[in-house]
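J.: Next up is a structure, given as structure tokens.
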Amino acid sequence: WEFNGSFYQPSAFLMMGIPGLEALHHWISIPFCALYLLALLGNCMILFIVKKTQSLHEPMYYFLSMLAVTDLGLVLCTLPTTLGIFWFNMRRIGFDACLTQMYFIHILSFIESSVLLAMAFDRFIAISHPLRHSSILTKTTVIKIGLAIILRGVVSVLPIPFLLKRLTYCEKTELSHSFCFHPDIMNLACADIKVNVFYGMIILLSTVGMDFIFIVLSYILIIKTVIGLATKEECLKALNTCVSHICAVLVFFIPMVGLSMIHRFGKNVPPLINTLVAYTYLIIPPALNPIIYSIKSSHIREALLRALWRK
């Protein structure tokens, strides 16, 4: 412990695996390894196919590549600590290392939310204004959107590590997960955490909350456009291009909102439920997104089959 008058700060935190199932961690690591491997290989495959296939050099697939890079980042952020606990029972993580991991997890989560919004905007333009799609979403515009998304995530989360470092902590240093999460860390403090709670809620609502609202609005406008199409076949064809994106939105937003609500209001929620929601939020979307887009996108499937056929 570092002591400075009445200021206490732990040198390290202790991470938690799956509560009550510590004896089975080696066996539980098998499905986790499978999910991590699936996420790494699947997202790398998406990036490889988009890069090598000239016909996929379109805004939709540029945004899909951004989503794949973000998912890879989330996987690499949590993989070392999660498997370290399951394989070697390495629960200890340094205070600064914990804040660094937390910072990147939150940045990447906000970036993923923003990328999903950009993909919704792309679908809206493609369906509502198909003739102007290429002129509105040029390569330069896509790059600017990508840079704005990154800048927004970096700036939004930047104050959080400093807000946590200013707090004095109690003797309890055990986290609820195998990774560092802002609400989890601040709840270990003995000081007044109203500023942390307020700022956390503000950035959550102004980033993820606003993104979700605009995604819903985009689909309301898409449905309004689709209803006006001449035939049922055209209507179904237009909606079919949105299915994979809708699945990715649900897979990401439902567990994320659930985890945030549990940490802020679910004091009586069993630790096992808390842990399962956390893993669902950070591991399932990166593993499922490549599968969702590979199944629903005929262009991705065809490019993948051509790549495999050449080999």
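Just so it is clear, glycine is given a Cβ too, placed from its N, Cα and C backbone atoms.
The domain 'G-protein coupled receptors family 1 profile' feature in TrEMBL is assigned to 42-293. Residues annotated as transmembrane segment in TrEMBL: 24-50, 62-88, 100-121, 142-164, 197-222, 243-266, 272-292.
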J.: Check for me, if you would, whether the transmembrane segment (62-88) reaches the transmembrane segment (142-164) - at least 3 Cβ pairs under 8 Å, residues 6 or more apart in sequence.
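T.: These two segments touch.
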J.: Quick one: do the transmembrane segment (197-222) and the transmembrane segment (100-121) reach 3+ CB pairs under 8 Å, ignoring pairs fewer than 6 apart in sequence?
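T.: Yes; at least 3 Cβ pairs under 8 Å.
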J.: Please work out which recorded stretch in 142-164, 243-266, 272-292 has the most C-beta pairs separated by under 8 angstroms from the transmembrane segment (100-121)?
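T.: Ranked by Cβ pairs under 8 Å, first place goes to 142-164.
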J.: By a Cβ-Cβ criterion of under 8 Å, what residues six or more beyond either terminus of the transmembrane segment (243-266) are in contact with it?
T.: 67, 109, 112-113, 116, 119-120, 123, 181, 183-184, 187, 197, 201, 204, 208, 212, 215, 219, 273-274, 277-278, 280-281, 284-285, 288-289, 292-293, 295-297
J.: Can you give the mean pLDDT for the domain 'G-protein coupled receptors family 1 profile' (42-293), rounded to a whole number?
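T.: Mean pLDDT across the domain 'G-protein coupled receptors family 1 profile' (42-293) comes out at 90.
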